[in-house]
Amino acid sequence: MKKTHITEQNFADLGLQPQVIDGLNAKGFIKCTPIQAKALPVLLAGQDIAGQAQTGTGKTLAFLTATFNHLLTTPAPEGRKITQPRAIIMAPTRELAIQIFNDAESLIASTGLKAALAYGGERYEKQQQVIEQGVDILIGTTGRIIDFYKQGHIDFKMIQAVVLDEADRMFDLGFIKDIRFIFRRMPAPTERLNMLFSATLSYRVQELAFEHMQEPEHVVVEPEQKTGHRIKEELFYPSNDHKMALLQTLIEEEWPDRAIIFANTKHKCESVWGHLAADKHRVGLLTGDVPQKKRERILEEFTQGNVDILVATDVAARGLHIPQVTHVFNFDLPNEAEDYVHRIGRTGRAGASGNSISFACEEYAINLPAIEEYIEHSIPQSDYDASALLEDLPAPLRLQRRPQQNRRNNNGQRQGGNRKHSRPRQPRNTQS
């Protein structure tokens, strides 16, 4: 039987509160994805869960639905102040925290529960003002949440529901001490509903679950394969001298509607951005030190189609809901095998097809065996003709001289680049 990304389970048949159903209907959510169909009955019965599912499977909606429903069906603690949150949702990055908040908007509107954001990179006072107006659900990153706690603006004494999203990423980013700090200041695990979600349920993630949860049930949705079957994978072995020219040649051959290019370092991302921007592509840059407001604007432009290509470090690879990405380019093979899956999982989502093109260059080809062992298959290899690569490419822009990019001419047509002509290129020879 062929698996699909939607089940026959209706949200309306799960016994959810009418206000929650209204919020789901407002966004067109009628039937559950597999992780929702498995997790929600467990959570609605009051049982903690440690859920495992790939990015893009609907786990965010699963824990939001359970959280809002739990607060509607559970009386608020006696003596609670409006600045004492009843639920807390922790995410590894501010982008993911913002995305979770945006996904919750229809439930906020339909239930009347108040939510607030807490993350670094934005004015402390602005977030504080929202919290002081009352907060039922606090969504954010651990560092800023702890800042508010230490300043006395919030406490965790009235917490009735907890979500830890992307738990494995929390470990990778070194946030485990912050997580334990917050957990240890909450009511006992038996007095709250606890939800942990992770792409992998490694030993350290399971250890965290059993330390701070009440006998969580494991809910696992295994994919047919670690990389989506709708994603066409392709691998090249370029020399370091050919990498950038090969990337630009492939972009003009593939002409992706919406692409993400991943590199392993901020410096490399800036270099790739500079070459593509000079060639008049509509390209955005997303790295860890880009100011928060600018990051939000870049993501919005990419989502709305005003930017065609996003060059990013792994900060964009986990948790963000960026629809209709047609291509993912691994300019550098990631150092961690799991990150390969998370990167290419940006495409081929919600039943759509996608394309993943990876470079095994002189520097990062050493990572390929571990990646192929992890995904349990070899990535199909393709050759390229070095003499057919684009040569008349403009010098890269420097980041501080970033101009306004426009990838369309006055007639509204997309431009092919900044060259007087393009060299004819031979078709690639794909090997199985």
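Each Cβ is built from the backbone N, Cα and C atoms, and glycine gets one as well.
Your range for motif 'Q motif', going by Swiss-Prot and the list 9-37, 125-153, 299-327, 328-356, is 9-37. The 10 Å shell around the Cβ of THR60 (ATP binding site) contains 24 further Cβ atoms across the protein chains shown. According to its DSSP assignment, LYS59 (ATP binding site) is helical. Packing against the motif 'Q motif' (9-37) from elsewhere in the chain are residues 3, 44, 51, 53, 57-59, 61-62, 65, 68-69, 72-73, 106-112, 219, 221: each is 6 or more residues past its ends and has a CB under 8 Å from a CB in it. When the motif 'Q motif' (9-37) is classified with DSSP, helix, strand and coil residues number 16 helix, 2 strand, 11 coil. There are 27 other Cβ atoms within 10 Å of the Cβ belonging to LYS59 (ATP binding site).
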